[in-house]
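*Asks:* Provided herewith is a single structure, encoded as structure tokens, for subsequent inquiry.
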Amino acid sequence: MFQSILFLAFYGRPVFGSAAARDYACVNTAESRDCWKDGFNIETDYYGKEEAPEGKLVEYELTLSQQIISPDGYEMLGMVVNGQYPGPTIEADWGDTLRITVKNNFTENYNGTAVHWHGIRQKETNWLDGVPGVTQCPITPGDSQVYEFRVTQYGTSWYHSHYSLQYSNGAYGPIVIHGPSSANWDVDLGPWLLSDWYHDDAFALDHVGITTNRAAIPKSSLINGKGYYECDPTNDAKCTGTRDYYEVVLKQGTKYKFGIINTSTILTYTFWIDGHNFTIIAIDFVPIEPLTVDTLNVGIGQRYEIIIETNPDFDDDSSFWMHAQYCFINQTDIVDDKVGIVRYESAGSSDPPYINKSDYHLNFGCADPKPESLVPILKQQVGAQANPLAAEDYFRVGLGNFTWPDATNSTGSVFLWFLQKLPLYVNWSEPSVKKLTIDETADFPPNSRPIELDYETGQWVYFVIESDWDPAGAVDQYGQEIRVEPSVHPFHLHGHDFLILAQGLGKFTSDIQPNLDNPPRRDTVDVEPLGYVWIAFQIDNPGAWLFHCHIAFHSSDGIAIQFLEQPSKLKPIMEEAGVLGDFADRCNKWDDWYQAVNIPHNATQADSGV
């Protein structure tokens with residue numbers, strides 16, 4: 001469990017983090033969490049490349065492999081990091097440099113791999129974003145790759161494999177970058193990874209899904225790799241009988257901070273703790289004005305830093321359930337909503353009393369907190385739109401029958417999702433960064449879904465994502481009418497935070513007015529079932545950046561595009577960094593491996609690749 005960490009730091013009120021404005025006068029304590037050190041604080045403009053404190057080098061080694069695990073008391077062959085699920089916490093301070101060596105030990109299933117550092121902008125280090133087929137070729141089994149980058153943001157996040165569905169089998173862990181907070185707290189409880197869990201291999205489940213158009217239903221929900229699945233060990237050898245809810249013990253009169261991360265495969269969760277309110281102080285990597293709520297939706301990939309204060313009205317032997325239910329109305333009992341226990345320090349070990357869910361929780365829906373309630377501390381104004389945005393440019397989510405373009409994939413016609421016309425399909429051996437820097441070609445196949453953003457640094461681009469639109473006349477690859485299915489879609493952008501100009505239910509129409517004055521800013525947003533989101537971000541980070549639904553099955557089945565941002569600027573950046581040689585070597589090694597091992601063993605790419 002994390003303990004409170006006190007940093008000797010100084011405080012100023014800089015204008016865009018200007019060193020001249022810093023007075024170095026404040027210390028980071030339980031009474032001044034908005035301070036950090038060396039004049040850096042909650043108001044520092046962390047989007048400037050140099051706007052982070054001087055830091056140290058922090059090194060980690062992560063080995064990805066397979067082993068039998070039973071986080072909810074039922075055994076399955078999972079994917080682990082350093083022999084554990086979830087993987088170990090990557091922990092650093094704002095301004096540190098992380099050097100992480102990732103080793104691929106998937107020697108039995110012939111899987112490549114790559115690790116994505118979710119929410120880390122990778123400013124001018126696009127090739128370290130960890131997306132096979134987009135920013136790199138996969139790491140071959142038995143090989144390793146070093147990811148080294150400076151962390152200029154702070155808060156709570158996670159790392160995960162971005163190779164097909166590996167993270168759904170367990171290949172992920174938390175990231176904590178310590179920095180200032182927008183409200184005071186006493187003790188840091190660390191990251192809480194909230195996840196749905198299956199008892200079958202995610203790759204196999206997805207194959208069933210795309211051939212039958214039936215989504216796989218999770219078996220249980222977990223916090224930090226702990227959960228409770230009801231089974232009988234006398235009748236099922238895989239039922240180990242060792243299962244536990246995640247528990248925390250709190251002390252009266254104390255403010256606790258924790259970061260909640262939805263690391264699920266399919267479920268957006270509605271989260272609450274019986275008898276308690278909590279205060280949101282950050283969304284993704286963005287500190288906000290404190291917002292007190294009693295219930296919170298957490299989409300896949302979203303993070304919230306939260307403060308919970310123990311209730312003086314409760315006895316010190318009280319205990320309470322933590323709840324996480326599927327957000328979709330009328331399907332809230334898809335898994336048991338009890339996911340953990342909060343105990344006050346003198347409470348025993350018995351289960352808390354169960355409080356029946358009210359209509360408030362049953363009908364809470366899948367919406368993010370109201371946009372007007374999420375006010376970033378560091379203010380940003382949205383500039384004028386540089387890109388064309390007619391209705392035909394909207395990113396519309398649909399479902400249809402398609403065939404994967406890879407000749408080695410023999411699945412034939414399958415049910416695939418798409419974002420604007422075609423499902424994404426990347427070539428692991430020919431990632432976009434390779435095309436832009438080594439091959440220097442604009443030959444991007446249609447299914448690689450490239451959208452070029454060749455604008456000047458500082459300009460703004462706007463995009464609309466719709467899940468409620470009229471598909472009349474739109475047909476799939478086999479001439480069947482496209483379907484619009486009511487599903488929540490948590491969309492994640494790599495390489496940027498975006499600003500949310502508007503968000504809601506129903507169709508997006510031209511009379512909707514954008515909020516351009518310091519709107520909510522984050523990297524993952526929920527598009528409600530049959531809803532829309534209007535976003536904008538600033539051109540300032542050359543590279544190939546994935547934008548995708550973070551329901552793992554949806555991303556695997558095609559809901560993604562990639563932005564090619566200032567493509568001509570990427571090669572000079574990589575040449576200056578001296579990384580093109582290693583990049584090419586990794587692709588050559590992967591291509592040789594894939595041709596010599598994967599294809600003969602029928603272990604070929606069977607989905608979008610991401």
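Quick reminder: no glycine exception, Cβ is built from N, Cα and C everywhere.
Quick paste of what Swiss-Prot says about this protein:
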type	residues	note
SIGNAL	1-20	signal peptide
DOMAIN	67-181	domain 'Plastocyanin-like 1'
CARBOHYD	ASN105	N-linked glycosylation site
CARBOHYD	ASN111	N-linked glycosylation site
DOMAIN	191-344	domain 'Plastocyanin-like 2'
CARBOHYD	ASN262	N-linked glycosylation site
CARBOHYD	ASN277	N-linked glycosylation site
CARBOHYD	ASN330	N-linked glycosylation site
CARBOHYD	ASN356	N-linked glycosylation site
CARBOHYD	ASN401	N-linked glycosylation site
CARBOHYD	ASN409	N-linked glycosylation site
DOMAIN	425-568	domain 'Plastocyanin-like 3'
CARBOHYD	ASN427	N-linked glycosylation site
CARBOHYD	ASN602	N-linked glycosylation site
*Asks:* Sorry to bug you, but what's the C-alpha spacing from ASN277 (N-linked glycosylation site) to ASN105 (N-linked glycosylation site), rounded to the closest Å?
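*Replies:* Approximately 43 Å lies between the Cα of ASN105 (N-linked glycosylation site) and that of ASN277 (N-linked glycosylation site).
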*Asks:* Out of ASN105, ASN356, ASN401, ASN602, which of these glycosylation sites shows the lowest number of other CB atoms within 10 Å of its CB?
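*Replies:* Across ASN105, ASN356, ASN401, ASN602, these glycosylation sites, the one with fewest Cβ atoms within 10 Å is ASN356.
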*Asks:* Would you mind ranking the glycosylation sites ASN111, ASN262, ASN277, ASN330, ASN427 by how many other Cβ atoms sit within 10 Å of each Cβ and giving me the lowest?
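*Replies:* Checked ASN111, ASN262, ASN277, ASN330, ASN427; of these glycosylation sites, fewest Cβ neighbours within 10 Å: ASN330.
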*Asks:* In terms of DSSP three-state secondary structure, what is the assignment for ASN401 (N-linked glycosylation site)?
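*Replies:* SS state of ASN401 (N-linked glycosylation site) = strand.
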*Asks:* May I ask for the distance between ASN330 (N-linked glycosylation site) and ASN356 (N-linked glycosylation site), taken between their Cα atoms and rounded to an integer number of Å?
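*Replies:* One finds 16 Å between the Cα atoms of these residues.
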*Asks:* Going by Cα-Cα distance, pick out whichever of the glycosylation sites ASN262, ASN277, ASN401, ASN602 is nearest to ASN356 (N-linked glycosylation site).
*Replies:* ASN277
*Asks:* Restricting to the domain 'Plastocyanin-like 1' (67-181), what is the model's mean pLDDT?
*Replies:* 98
*Asks:* Tell me the Cα distance separating ASN427 (N-linked glycosylation site) from ASN401 (N-linked glycosylation site), rounded to the nearest angstrom.
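*Replies:* Rounded to the nearest whole number, the Cα-Cα distance is 21 Å.
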